[in-house]
Structures are given as structure tokens and as C-alpha cells.
């Protein structure tokens, strides 16, 4: 003998199946945590049998991530930065920075004034 | 919900065909996979624990969970991994109330979609989260390969189940219900128009199951020679036991639903008849034999080869079957 519940509402199916999964989770957790091994071994092993002190840092530095991204995915921007900004000449750096920053500064001032005037 | 109904629901979720039955079935499935593979490779396979070695997978699981130690490292969150894997197993166990096999069977429109979400999407998602809870470069590579494969395998698997369900329930109520669909599947095989669609669905099903279960030739996410054990690299002891159980459960439930929706389950017999049970078991074992045979006669593809082959033999047949089902289906 079996019980067949025919539901006219699809949401009922979702609710009942979710409750069934929740109940199964409780049963499984009880079974698992009562039988699970209590022995714990703390290991310093990091990779391929070596400890983590074989690497200089455990995660890439922010600068590495930034330059990795720029070189791989923003090649045009990278070339522009290298060719026009970081040329080694302080004059090039100042020229680039002053031009763009001047425009941005002017824009910021205009917006600020507009906000003050318009409210 | 009445008292009797509650008892049936509890028995269905906890005992049959819920947690206990599913665990037993998945361990039996693992035994069959190992035994058949051993025969293909001229080995004995599991032979000593229990009659014919049938209890070997159970004792392997017990040893991993009870005897082996939990390895704690600085970057691994083993408790999170345990919870993720338990949630994955629970989703599969909870989904069985939607199967006609269940003593407490819930039927509704589109219950197949709920079943698919619970038995296929969530377990894989939880397996990936568990892997990433215990990270290493090998784990990350394994997970990325697994994600690449399931991106193609899951749609093919989904289509291979939805197509028979659509054809079988297009004039029935509730629409897209597993329990309604399986009874009409034998008729689909007898009609020449729909038999071709069913055949394409079976091909897509077999190829996609091979891929989503990470069996050869699609076992590149757990390639041991290249990436140690892929997404499983950092699993050990009880966590590894849970991960293997989840993997076995995934295969078992996938084969059950395949036996129902592609081969008709116990139809034309009733569920509770001896003939019906025997027919269901035979269909389950036949599907299992097919996937284990493919596993043993094929080598491993590289990831880019795997994706191309999966597209050719998994996704294309499912797309063709979908097109045919939509055009020829109303005429059949």
C-alpha cells in the first residue's frame, strides 16, 4: 500500500520536497556525527608535501593582482600607462597627471558649484 | 496531514526509499561498478567482505568515517565541507518523495523540474562548495574542469529527461509529472515517430550521465596523474567518505530516474507486483551495465576534447530530440 498525494499547486510539491530534504538532513547529521571519527590531526602541510614557508607569501600581493590584470586584460591601458605616464621622465608624469587631473578637478568644481546653486 | 500519512511520509524519507535505502542502493551500485570493472580488467574485484564481497563498499565507507582521522589544515574548513556534503546528500534523499517508487508519493505539475533541481543541480553545487571549502590549486583546477563539463552535461541531461516526460504527459494531468509520465513511456517506444526521439534521449542521457558522474571518458575533473585528485584532493577521512557517498548516490538516483522516464520503470506491470519490481531492477542494472562498460572501454579525454565530444554526442542529440519532440510530438 502507498499514499499518493496529488497536488494541484506546484508550490506544494516544492514545500513538501524541501521539508523532506530538511528531515533527511537531520537524520543524516545525527547518523554522521554519532559515528564520525573523533581523531583530529593538525597538519602544516600546504602543497605537494611542502610546508607553506616554501612560498614567499601565501597569497598573491595586491600589486601582483593589479599588474597581472592590467597586463592580461587591459593591454591597451597598460601600454598607455607605460608609454605615456611611467616613462621615467618626471615631466611626462606631471603632464599626464596635470592634464587629466585638471579636467577632473574642473569638472568636480563645476558639479559642486551646480549642486550648491541648484540645491 | 493525518497520522497514517505522517508515518508513511517519515518511513519514505528515512527508510524506504529515503536515507537508508538510498545509501544501501548507492553502496550496492558502487559494488557493481567495481565488480563489473574488475571483470573487464581480468581482476576479481571486491571478494572477501560479505557474500561475494558485497559489503566491501559499506566497510570502506565505515572505515573512512569511523577510523580515519580528520585532517585539519590552516586553510581548510572541514566543518563547512561536511555540512555542504550532508546538505547535498539530504537533497537527493528528499527528492525521492517525488519518485513513484516512494511509499509517500507527491505528484504535481512540473514535479520533474523540482526533482531535477534537488537530485542533480543542488548535489553538484554542494560538492563544488565542499571542494572550495578545502582549497588548494589542484582543487581549484578540478572544480573549474567540473564546472566546464557540467555546463554542457546538465542541459543535455535535463533535456533527456524532460523530452520523454513532455511526450508522455502532453495530454495528461498533471503535466510533466514523473509518476504520470513513466506509465506512458512504453507506448512512446512502440510508436515509430516517438521511438526515434526516445532513442536520441537515451543517447543524450547516457553521455551526460557519464559526464556528470565523472566516469571515463569524462573523468578529467578527478584526473589523478595530472591534478592529484582534482576537486577531491583535500578530502580525507570522514569528509572523503561523505564525498564518495554523495557521488554514489548521485549515480544511483540518476539511474533510477533514467529507468523510469526513459525505459518506463515497472510499466506495464504495477509497482507492488513481483514482475514490476523485477523489471525495474533489470532496467536499473541494464543502464548501470551500459555506463560501466563505457567507463571501461574508453580512455580519458583531455578537458577540451571532453567538451567537444560532450557537445557532439550529448548536447546535439538532446537538441535534435527537443526539436523533433516539438514538431513530431503533436502528430504522434
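Cβ atoms here come from the backbone N, Cα and C positions, even for glycine.
Curation plays no part in TrEMBL annotations; they are all automatic predictions.
Panel annotation: around the transmembrane segment (B:6-33), residues 46, 53-54, 56-58, 61, 92-94, 96-97, 99, 101-105, 244-245, 248-249, 251-253, 255, 285, 288, 292, 295 of the same chain, lying at least six beyond its termini, place a Cβ under 8 Å from a Cβ of the stretch. Feature annotation from TrEMBL assigns transmembrane segment to B:6-33 (among others).
For B:83-107 (among others), the entry in TrEMBL reads transmembrane segment.
The transmembrane segment annotation in TrEMBL covers B:113-134 (among others). With a threshold of 8 Å between CB atoms, the same-chain residues lying at least 6 positions outside the transmembrane segment (B:113-134) that come near it are 73, 75-78, 80-82, 84-85, 87-89, 91-92, 94-95, 98-99, 140, 142-143, 146-147, 150, 154, 157-158, 161, 176, 178, 212, 231-232, 234-235, 239, 243, 246-247, 249-250, 253-254, 257.
Marked as transmembrane segment by TrEMBL: B:146-167 (among others). Long-range neighbours of the transmembrane segment (B:146-167) within the same chain, counting only residues 6 or more positions beyond its ends whose Cβ lies under 8 Å from a Cβ of the stretch, are 112, 116, 120-121, 124, 127-128, 176-178, 181, 184-185, 188, 194, 197-198, 201-202, 204-205, 207-209, 211-212, 214, 218, 220-221, 230-231, 254, 257-258, 261-262, 303, 306-307, 310-311, 314-315, 317-319, 321-322, 325, 329, 332.
Listed as Cβ neighbours of the transmembrane segment (B:187-209) (distance under 8 Å, sequence separation of 6 or more from its ends, same chain) are residues 153-154, 156-157, 159-161, 163-164, 167-168, 215, 251, 254-255, 258, 262, 264, 287, 290-291, 294, 310, 313-315, 317-318, 320-321, 324-325, 328-329, 331-332. According to TrEMBL, the transmembrane segment annotation covers B:187-209 (among others).
For the transmembrane segment (B:245-265), the list of distant contacts is 22-23, 25-27, 29-30, 33, 57, 61, 85, 88-89, 92-93, 95-96, 99-101, 112, 115, 119-120, 123-124, 126-127, 157, 160-161, 164-165, 168, 178, 181-183, 185-186, 189, 198, 201-202, 205, 209, 212-214, 271, 279-280, 283-284, 286-288, 291: same-chain residues at least six beyond its ends, Cβ to Cβ under 8 Å. Here TrEMBL flags B:245-265 (among others) as transmembrane segment.
Annotation source TrEMBL lists transmembrane segment at B:277-298 (among others).
For B:310-329 (among others), the entry in TrEMBL reads transmembrane segment.
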Residues of the same chain, at least six outside the transmembrane segment (B:83-107), with any C-beta under 8 angstroms of its C-beta?
5, 8-9, 11-13, 16-19, 22, 114-115, 118-119, 122-127, 129-130, 133, 174, 177-180, 182, 239, 242-243, 245-246, 249-250, 253, 256-257, 260, 265, 271, 280
